[in-house]
Each structure stands twice: as structure tokens, then as C-alpha cells.
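Enquirer: Submitted below is the structure of interest, expressed as C-alpha cells.
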Amino acid sequence: MIVGRRETWTGRLLLVVLMAVTLMPFVSLFVTALHPSGSYPSGLEWPSDPQWGNFAEAFKAARMIELVKSSTLIVLGVVPLSLLLGTLAGFAIGHLRMAGRNLVFLLFVLGLTLPFEGIITPLYYQVRDMGLLNTRWAIILPLIGLFMPFAVFWMRAHFVNVPDALSESARMDGANVWQLFWRIHVPLAMPALSSLAILLFLWTWNQFLLAIVLVDDPLKRTMSGALGAFQGQWGTNMPLLCAGSLLILTPTLVVFLIFQRRFVTALLQGSLKG
Amino acid sequence: MTRPTLRSNESVEGAGGRRKRSSARAAGLRTPGWVAWLFVAPALIVYAVFVLRPIALTVQYSMYRWDGIGTSTWAGLGNYVKVFTDPDLFASILNAVKLIVFFSVIPVVLSLAIASTIRRIATSRLALVARTVLFLPQVIPLVAAGIAWSWLLSSTGLVNQLLRWAGLGGVARAWLGDFSTALPAVGVIGAWVLLGLCTILLLSGMSKIDPALYEAARMDGAGPLREFVSITVPSLRQEIGVCVTVTVIAALASFDIVYVSTQGGPGNATMVPGLEIYYLAFTERQVGMASALAVVLMVLVLLVALPIQWLTKDRSS
């Protein structure tokens, strides 16, 4: 195929401009973070005396270690359980195909587009009555419920495409449903499961609304919720706020850069299916 | 899939005895229906407790006047009437609809243009790097995007610096603090977050289009515009549908970005339903009003999402 030279160069230029626009906010955060703490720098201007110490100060002010620990605990509570419940239900609806499956599936699908703000008010009272307010469970349990539509939808999409013959031959060998599920279907579902795990990790780590409503103590929140509190506390000290924001971004960025292929594929599939 | 199995007529266990196809399948896998229900039960229970019950409660609360502490009084549909007649409340819904222009129309149109321009170099190294970079806004917390952009858009921020440099110093202002520009400025943040996702989604859709189609069009003398209208857009129907759905929901249900960048201000200029619900329920203690607005928001999202899904569904599969 003959590729027009000019077309290629327009494309390249466009890509570079697009990347520049995407990176601009990050660059601005970084440069501002290097200005003297408490100053009010203007625009994008390299400081005469870069204050690398701001990052250390923000690290202490934001209590980063405790924040990472808290977010990790929340992720560990949400992701494995959501995966397990979603896979079990997806397997039954997509592969075992019991009577009434269409109705249950529809019930889950209806929750796919639910805005979290829609139920946050009763959720607050419910979590309070359960005595879980201001604990990490207040974020973990509702999030598992809120992730169920997508997790079930995703795993069902995997299981409907698994041929019946696979189960039949395992059955001939005398396996019961439970063994069939764990020994044959779960290992085969690993690609679907790992993509789902990445998406759920991201959505949990970045969850903001539940964190600020259900948990007062920033140290028991997700990273995102803690950043909200950090902004409230240090909002007037721009360099420190920028340094803190960058630090809070770092864990997600690191995880993203390590698993970038999987992330991009997962997010693409995720939005296509959702 | 409908292929009968050897053991299909062996047993009639399972609840769906009359529905031949499903019982045949279930019997083929020799799994009684109640066992399958045990697999579904845990997910269904968590979903019912933390999603379905709160949805029902939202509807119930929306019919009452309640401050969250004392006794509640029946209000019927009064709260709903107020949502649509109170200028401030209704304005929040209108703002969300206006945000669709920025969150949805701009990213989708721009990404279509961008994706068709860079289609030919989609496999180059530069494009691979771009794929990673353009995904960054999707990965970081929206809160961080909000903080970074509030700074860019502030009176001394980079945006104004660039404007002055381009000789447009006259229009420089605190974009998020000005009544006339606050909502578009919030919209720009949303557009920044969603543009990369749309571009990459459309690019990956384009890679599935048969290049022979374009060659044939070229031979018939079609220009780039004609190609775009007759080949690219129709083939991307499903991907465009996804972009529109995701971005429209992001606009209607926006919360994080607005909360961080403007908190609904100045005045009520950037108030959106999500934020209004939060304020009503947890600051002003008008639980009934908050719930009525929540129901309206949930219905609005469904009303928008369902037709788009239906319109863009790939009917061949």
C-alpha cells in the first residue's frame, strides 16, 4: 500500500501534540513542586533553586506509608473477593445455564451504568447501622457489591464461549461441579480473570466518593480519598500540594508502567464490554 | 451450541423441565439447577445488600421529608416536583447535560479525527509510546487530574501564560473562578481525561477494518473525507457507541473533578447532580431531596445509556 508521506508526517505531528497536551498537567505539577514551599509560582517556570526537599516534606505531611498501607488493605479486601464471587456467578450463568439465568443476569446488567451517587445516601445510613462507619469495611463491602454487575458480566462473557464438551469429558472422568470449576474452568479463565483484576484494582485504588462519605479518617481511606483531604489541608501551599499529588500518583503510575500492556488491553476490553 | 448431547434424555432433573432446551443443557452437564444457584448466591446476596437495597431505599427516602435524624414526614412526589421547579436544583441537571458537550461530543469528534489521521502509522514505535502516554489520564485518580488542572487553569497558571505568550493576554483569567467560564473549564478537564481513551478505542477498532476496503475506495477515486464517511465511521459503529456511552455517563455522573476543582462554584455555576446530592444529604441534611435527585439521576443515566446501546449494537452477531 502506498502511504502518503505528508499524511504520515501530519499523523506524527498530531501524535506529538496530543502527547504534549496529555503530559502538560504532569509537567506542571512537577515543576511547581520544586518551587520553595509556600510560594506562589506563576505558570511553568523552572525554579532558580529546585527544592527537592518538598517531596520529602510532602511524603511526611501526607503520611504516605500509612496511605499506601491503607489502600493496599482495601484493595486486598475488594479484589480477590470480587473476583471469586464474580467468577462463581459468571460460571453458573454462562456455563451451567440454570433456569432463570436470564432474569438474574438482567438484574446484574441493570447495575452496570449505576452512578454511585445514586445510592450513596442510603448506603451511608446502612453502613452506619452495621457499625462499620469509619472502618475500611465501609469501603470494602459496598465496593464488592457495586463491582458485582461488571464482574459477573465480564466472567459470563468468558464462560459462554467455553465449549460444553470440556465439562462433559471431565464429567465422564467422574469430577463433580466443584472440582470441574476449580480444576478445569478457573485455570482456563486466567486471562479474563487477570484483566478483571487489573480493572478492579484501578477502580478501587481511585475510588473517591465512598471514601470521603463513609470514612472520616484520611488514613483509613483509599489514595484518592486521602488526596482529597490533603488538598483540603494544604490547598494554599501550591508547591507542597503538587509534590503530594505527584507522590500519591506514583504507586498507580508504577503499577501501570509495569503492566502497561495488560492495562491497555484490559481497559479497552473493559470499555468495549461494559 | 444447541447440539444435543448424548445424555440429554437420560435425566430430567433441574427445575426447568418444561423448558426443553435449557434442561437438556443442564442435564448434559449433569448439574441440578439448585447447585448452579448456589454458585450465583454469594454474588447475588452482596449485590442485593449493598446495591439493590440502597436503590430501593433511595426511592423510599425520596418520598419523605427527613433530616437524617428525627422523624420523617410523608412528602409524596413533592420532592420530585421541587427537583424540576427549584431553579438551583434544576440548574444542576442542566449543567450535567451541558457537560456532555465537553465530556462526550468534543472527545468523540476529536478522537475520530485524530484516529483517522494517525491510522496509517498506528503500528509505528511512536504510536506505541503514544498508546501508553494517552492512557495516563485513565489510570490516575480523577482527583489528581482535578488538582493538576485547577493549577493549570488558575490566574497565574500555564494556560494563561501560554495565552499571554500568544498575545491573547486580554482573555486571560481565573478560568475556574469566572461565572461564564467555570463550567467549560471543568468540561476541558473531562475532555482531557476522556480523549485518550476514545482515541485508543477507535484506533483499535480501525485496526480491524479490512485495508482492502480503503484501497478499493481509493481506486474509485474517493478522497479522505469520503473514505471517512463511507468506511471509517460505519465500521466503527460499535466503538463509537462505547465511547459515547462511557463519556455521556461520565458527564452526567461527574463528581470527583467538580468536587476538587470548583466544589460547584462560583455560586452554583458548576453544580452537578452528583455534587448536589452529596451536599443535600450530608451538609444540608435534606435526605428526601437528595434521594429524589438521586432517582432522577439514575433514571437519566439509564434513559441515555439504553438507546445508545440499542442504536449501536452490532446486529449481525
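Backbone N, Cα and C define each Cβ position, glycine as well.
Caution: TrEMBL annotation is automatic and unverified by curators.
Quick paste from TrEMBL:
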TRANSMEM  B:34-56  transmembrane segment
TRANSMEM  B:89-114  transmembrane segment
DOMAIN    B:93-308  domain 'ABC transmembrane type-1'
TRANSMEM  B:126-152  transmembrane segment
TRANSMEM  B:182-203  transmembrane segment
TRANSMEM  B:240-261  transmembrane segment
TRANSMEM  B:289-311  transmembrane segment
Enquirer: Ranking B:34-56, B:126-152, B:240-261 by Cβ pairs under 8 Å to the transmembrane segment (B:89-114), which is first?
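Expert: Per the Cβ count, the answer is B:240-261.
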Enquirer: Would you kindly list the residues that approach the transmembrane segment (B:289-311) from elsewhere in its chain, counting only those six or more residues past its ends and only Cβ-Cβ distances under 8 Å?
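Expert: Same-chain contacts beyond the ends: 55, 58-62, 79-80, 82-83, 89, 92-93, 96, 241, 244-245, 248-249, 252-253, 273-274, 276-278, 280-281.
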Enquirer: Counting only residues 6 or more past its boundaries, what in the same chain has a CB within less than 8 Å of a CB in the transmembrane segment (B:240-261)?
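Expert: Hits for the transmembrane segment (B:240-261): 96-97, 99-100, 102-104, 107-108, 111-112, 141-143, 145-147, 149-150, 153, 176, 185-186, 189-190, 193-194, 197-198, 201-202, 233, 270-275, 278, 297, 300-301, 304-305, 308-309, 311-313.
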Enquirer: Which residues of the chain, 6 or more past the ends of the transmembrane segment (B:182-203), have a CB below 8 A from one of its CBs?
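Expert: Distant contacts of the transmembrane segment (B:182-203): 95, 98-99, 101-104, 106-108, 110-112, 114-115, 118-119, 122, 127, 131, 133-138, 142, 145-146, 149, 153, 175-176, 236, 239-240, 242-243, 246-247, 250-251, 254, 257-258, 261-262, 265-266, 269-270.
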